[in-house]
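Read the structure below first, then the notes.
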Amino acid sequence: MAEKEHYERTKPHVNIGTIGHVDHGKTTLTAAITKVLSEKGLAKAQDYASIDAAPEEKERGITINTAHVEYETEKRHYAHIDAPGHADYVKNMITGAAQMDGAILVVAATDGPMPQTREHILLARQVGVDYIVVFLNKTDLVDDPELIDLVEMEVRELLSEYDYPGDDIPVIRGSALKALEGDPEQEKVIMELMDTIDEYIPTPVRETDKPFLMPVEDVFTITGRGTVASGRIDRGTVKIGDEVEIIGLKPDVIKSTVTGLEMFRKTLDLGEAGDNVGVLLRGVNREQVERGQVLAKPGSIQLHNKFKGEVYILTKEEGGRHTPFFSNYRPQFYFHTTDVTGVIELPDGVEMVMPGDNVTFEVDLIAPVAIEKGTKFTVREGGRTVGAGVVSEILD
């Protein structure tokens, strides 16, 4: 048994999720995957009801219902998210509560692509989910195979419209319900789907292999030694002797060298993604570093004022605004560890944004911040969260 456990840890880990229109079978498919893999000893079977009764979680001040399911294939370990309601999907994808490396787009062959099919594809594109595998569900309910071909063509065209390789994306046809009920042919289809996901969705670059980035939370001076910036390492690794840049909130970038590293008041050889560390910076005085800046590997991230964001605006019930807002609205954008005021410009044809909407708009920040496509932020007004977003495009 001990050997088996060791083996499981060496499998690469991938985050995926089911997306698609309501009632097209996302949760049924999730349940079917766990059932079929459980028969091979690679998962715990979870029934529809237990997945559908997704627990509430809070992510950046927003309540989201999400079911987290784990399973393995021969090659990999997967964490799979499934959300019961459409609003939960939108919030999940925008807040990054569940960062997906790839997605299974579920489309019912009986309906073809529907409004939320399109919306989920757009969201996946905006938040940086680069790989999609399609599961055409309920094919047992369509008598004419030509109709299924037609639906597949529509789905491929829709994916191409949002810059996915629609012609090349794998499409698997089947019935999640039949697989869940134990139909041997459909169980084979589920295995085929999992093999396809293993092959098509690449293993993500591990957080520790990405360039070093640490948002600064606190700054203090150690007499006789210098200035220490502390925070949680977002990605990458850092060690004594590394060159770093101090970036954000001011027009100039300061270069420094790491001369000391501490965690829990003990010295540390190497800090890595997830660690809360204090970084001693050579030749930097207390006034040159502040909360809200980042320490980063030189050249890995730039300062920007203008960006396009994909944003979910909280409802009144979620503690958000009670009224709509218009272009030139000036809230604070909380990036990394600090608030920066920004001016919002709504897209043509969008008069106003209501609480509960998700929307793409342009932002012009009054101070430059170290951001890139995929950086998460919250929108705040007087300290309370009114929205959550992700940078979908840099504009300057």
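Glycine is treated like the rest: Cβ placed from N, Cα and C.
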If you look at how Swiss-Prot annotates this chain, which of 82-85, 186-189, 202-205 comes out as region 'G3'?
82-85
Swiss-Prot annotation of region 'G1' - which of the ranges 20-27, 380-387 it falls on:
20-27
Range annotated as region 'G4' - as stated in Swiss-Prot, picked from 117-120, 137-140, 297-300, 317-320:
137-140
Which one of 36-40, 61-65, 326-330 shows up in Swiss-Prot as region 'G2'?
61-65
For the region 'G4' (137-140): best-contacting stretch of 20-27, 61-65, 82-85, by Cβ pairs under 8 Å:
20-27
DSSP on the region 'G2' (61-65): how many residues come out helix, how many strand, how many coil?
0 helix, 4 strand, 1 coil
The region 'G1' (20-27): DSSP-derived helix, strand, coil residue counts:
2 helix, 0 strand, 6 coil
Any idea what the Cα distance is from THR27 (Mg(2+) binding site) over to THR139 (GTP binding site), rounded to a whole Å?
17
Where's the emptiest Cβ shell within 10 Å among the binding-site residues ASP23, THR27?
ASP23
